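Engineer: Among the features that Swiss-Prot reports, signal peptide is placed at 1-28, with the record citing sequence analysis. According to Swiss-Prot, the feature heme b binding site maps to Gly241, Thr242, Gly243, His326, Arg339, an assignment based on experimental evidence. Look at Swiss-Prot and you will find 293-318 tagged as region 'Disordered'.
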Amino acid sequence: MSDEQKKPEQIHRRDILKWGAMAGAAVAIGASGLGGLAPLVQTAAKPSKKDEKEEEQIVPFYGKHQAGITTAHQTYVYFAALDVTAKDKSDIITLFRNWTSLTQMLTSGKKMSAEQRNQYLPPQDTGESADLSPSNLTVTFGFGPGFFEKDGKDRFGLKSKKPKHLAALPAMPNDNLDEKQGGGDICIQVCADDEQVAFHALRNLLNQAVGTCEVRFVNKGFLSGGKNGETPRNLFGFKDGTGNQSTKDDTLMNSIVWIQSGEPDWMTGGTYMAFRKIKMFLEVWDRSSLKDQEDTFGRRKSSGAPFGQKKETDPVKLNQIPSNSHVSLAKSTGKQILRRAFSYTEGLDPKTGYMDAGLLFISFQKNPDNQFIPMLKALSAKDALNEYTQTIGSALYACPGGCKKGEYIAQRLLES
């Protein structure tokens, strides 16, 4: 089908959305919590029949890299961004020391003390995951550009330590960004195979940040693979993440994800995290033909195979798929990133009455200017998928390397 033939149909789809839109007031949601007034107490794990099973669900916290990046993709995510309100770097150091202690405890399956001598103080632990396994819990921290510099002024004496590629992602033609759905001085990505375990971890981390940071946004996502480990599917029903390289290949991960040199010392073993909250127009998509859907992606919906091939993992032949398809444009750049996306649903959009759902796109790369942004520009300019999606949140974060026992996350940055 020619571009001239497609154009009226594309306008019609956009009009559907416009006709369905209604004026609505913006709703601001604030988050707050009670800080821990008593020191954190760790209890020894009691032997039980569940011990062996729980050990299999523990992702090590300490290491060269932070967990939650090349870790096997979990089912649930809570993704939060915070703005720092503290004026002194010492407060930030205290926060990251506390966060490290809590994260190490929770990811290893240990519990905070259930006993509390003073009943007139808030409980140390909110308690909702007390009887649950660690469920492959991981917590990943990152820093936004505003952590280092704000309104042209150095913050905490760390401007000289700002990573060289850390800046707000450039705005794209199809963006409709809400500043409260992107950005932030600090990000926290909490992943687990049990939603309640993930929520509990984030809730207690945010409680510890009261008085030091304000919550900017919190997103909840999910993504389930098949029974036999098949590639998960997004809300459009297509396989999501087929092009990812094996995270078990250290050489590949060093070439795509992990920073070894050329950045401030604290970024060694770290990476950059790109975040895009992408709204999907599900009602319009659901009324599109299977042919249009497959032409949009450049893959078969059922098998995930690229056009002209039989299997999902077969190589893409660019001359056999539409030039404006999502796969064609992503592959034509020759760039590689590590995708770690999740779907989200947030009820109904009060402005349109349609379902408020989409994709929490998260990717990791060692050089966003060379890897992610060229791909983003190519997709934003011509991607047929843009007819069915709109980005409403955007951010780029620098994730420090991991830490050893006795250290805390970002120590090389905060004590440099």
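Residue numbers in this text run from 1 along the chain shown.
Just so it is clear, glycine is given a Cβ too, placed from its N, Cα and C backbone atoms.
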Engineer: Over the span of the region 'Disordered' (293-318), count residues by DSSP class, listing helix, strand and coil in order.
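Structural biologist: Residue counts in helix, strand and coil order: 6 helix, 2 strand, 18 coil.
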Engineer: Can you tell me which parts of the same chain pack against the region 'Disordered' (293-318), counting only residues 6+ beyond its ends and a CB-CB cutoff under 8 A?
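Structural biologist: Beyond its ends, the region 'Disordered' (293-318) has Cβ neighbours at 231, 236-239, 242, 285, 325-328, 331-332, 384-385, 387-388.
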Engineer: Would you work out the biggest C-alpha to C-alpha distance among Gly241, Thr242, Gly243, His326, Arg339, the residues that bind heme b according to the record, and give it in angstrom as a whole number?
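Structural biologist: Answer in Å: the longest Cα-Cα distance is 15.
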Engineer: Compile a sequence-ordered list of residues in the same chain as Arg339 (heme b binding site), six or more apart from it, whose Cβ lies below 8 A from its Cβ; state 'none' when nothing qualifies.
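Structural biologist: Set apart from Arg339 (heme b binding site) by at least 6 residues yet with Cβ under 8 Å, we have Asp240, Gly241, Gly243, Asn244, Phe361, Ile362, Ser363.
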Engineer: Do any residues at least six apart in sequence from Thr242 (heme b binding site), in the same chain, have a Cβ closer than 8 Å to its Cβ, and if so which, in order?
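Structural biologist: Within the chain, Thr242 (heme b binding site) has Cβ neighbours under 8 Å at Thr231, Arg299, Gly304, Glu312, Thr313.
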Engineer: What does DSSP call Gly243 (heme b binding site) in the simple three-state scheme?
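Structural biologist: DSSP assigns Gly243 (heme b binding site) to coil.
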